[in-house]
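The next block holds one structure in the form of structure tokens; read it before the comments.
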Amino acid sequence: MSNTTEKKMPQQQQVERPTALAPADAEIERVFTRFDADGDGRISPSELAAVTRAIAPPPSESAGGREVAAMMNELDTDRDGFVDLGEFAAFHGRGRGDAEHEAELRAAFDVYDVDGDGRITAAELGKVLGRIGEGCSAEECERMIASVDVDGDGCVGFEEFKKMMCRDAAATGGADKAKTE
């Protein structure tokens, strides 16, 4: 039995959408659910804006609006004004070039590195998770940091963060394809 259903569109534009994610993609579904504040199964521009403001407030309202519009343009492939789970999962599964992937990882790292010192502490992790509604105790944050802290300094540097993100992407099937050169 197929894991997809066909969305009714004009013949040359028919697109298959996943009806359910594979168990390995449960993390993507969990993140999608956090973005989908009203639980209607799709992310609206206002929901996307709320999450981006919580993670990293823009320098100005107009800059934030442009950023959300650019993200919606990339994510909303069927142009219905919303991002559904299939579009969200497809975006996270797209292959990226090494330089682009490195830049995305650096940007993600910088969100958590609140003081900009090149290290993520348990306190910084707790602050960012709190902003997005993922309340964690100090002990939970310390455990998360310790699970990634290879050099034992009590913090997560960029290289440790990058290894953790690549490991997690591989575990969920979202890793970039290995180079064959």
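For all residues, glycine too, the Cβ spot is worked out from N, Cα and C.
Here is what Swiss-Prot records for this protein:
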BINDING   D36, D38, D40, R42, E47  Ca(2+) 1 binding site
BINDING   D76, D78, D80, E87  Ca(2+) 2 binding site
BINDING   D113, D115, D117, R119, E124  Ca(2+) 3 binding site
BINDING   D149, D151, D153, C155, E160  Ca(2+) 4 binding site
DOMAIN    23-58  domain 'EF-hand 1'
DOMAIN    63-98  domain 'EF-hand 2'
DOMAIN    100-135  domain 'EF-hand 3'
DOMAIN    136-171  domain 'EF-hand 4'
REGION    1-24  region 'Disordered'
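Where Swiss-Prot records a feature, it is marked here on the structure.
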residue: D36; record: Ca(2+) 1 binding site; Cβ contacts under 8 Å, 6 or more apart: R42, I43, E47
residue: D80; record: Ca(2+) 2 binding site; Cβ contacts under 8 Å, 6 or more apart: none
residue: D113; record: Ca(2+) 3 binding site; Cβ contacts under 8 Å, 6 or more apart: R119, I120, E124
residue: D149; record: Ca(2+) 4 binding site; Cβ contacts under 8 Å, 6 or more apart: C155, V156, E160
residue: D151; record: Ca(2+) 4 binding site; Cβ contacts under 8 Å, 6 or more apart: G157, E160
residue: D153; record: Ca(2+) 4 binding site; Cβ contacts under 8 Å, 6 or more apart: R119
What is the average pLDDT across the domain 'EF-hand 2' (63-98)?
79
All-chain count of other Cβ atoms within 10 Å of R42 (Ca(2+) 1 binding site):
19
Name the residues of the same chain, 6+ apart in sequence, whose Cβ is under 8 Å from the Cβ of D76 (Ca(2+) 2 binding site)?
F82, V83, E87
Listed in sequence order, residues not in D149, D151, D153, C155, E160 with Cβ within 8 Å of the centre of the Ca(2+) 4 site Cβ atoms
R119, I145, V148, V150, G152, G154, V156, G157
From the binding-site residues D38, D40, D115, D117, pick the residue whose C-alpha lies nearest to the C-alpha of D78 (Ca(2+) 2 binding site).
D40
For D38 (Ca(2+) 1 binding site) and D117 (Ca(2+) 3 binding site), the CA-to-CA distance in whole Å is 36
Local backbone state of R42 (Ca(2+) 1 binding site), from DSSP in three classes:
strand
With the Ca(2+) 3 site defined by D113, D115, D117, R119, E124, which remaining residues of that chain have Cβ atoms positioned within 8 Å of the Cβ centroid?
Y112, V114, G116, G118, I120, T121, C155
Of E47, D115, D117, which of the binding-site residues has the most Cβ neighbours inside 10 Å?
E47
Cβ-Cβ distance under 8 Å, sequence separation of 6 or more, same chain as D40 (Ca(2+) 1 binding site); the residues meeting this, in order, are none
Across all chains shown, how many C-beta atoms besides its own are within 10 angstroms of the C-beta of D38 (Ca(2+) 1 binding site)?
10
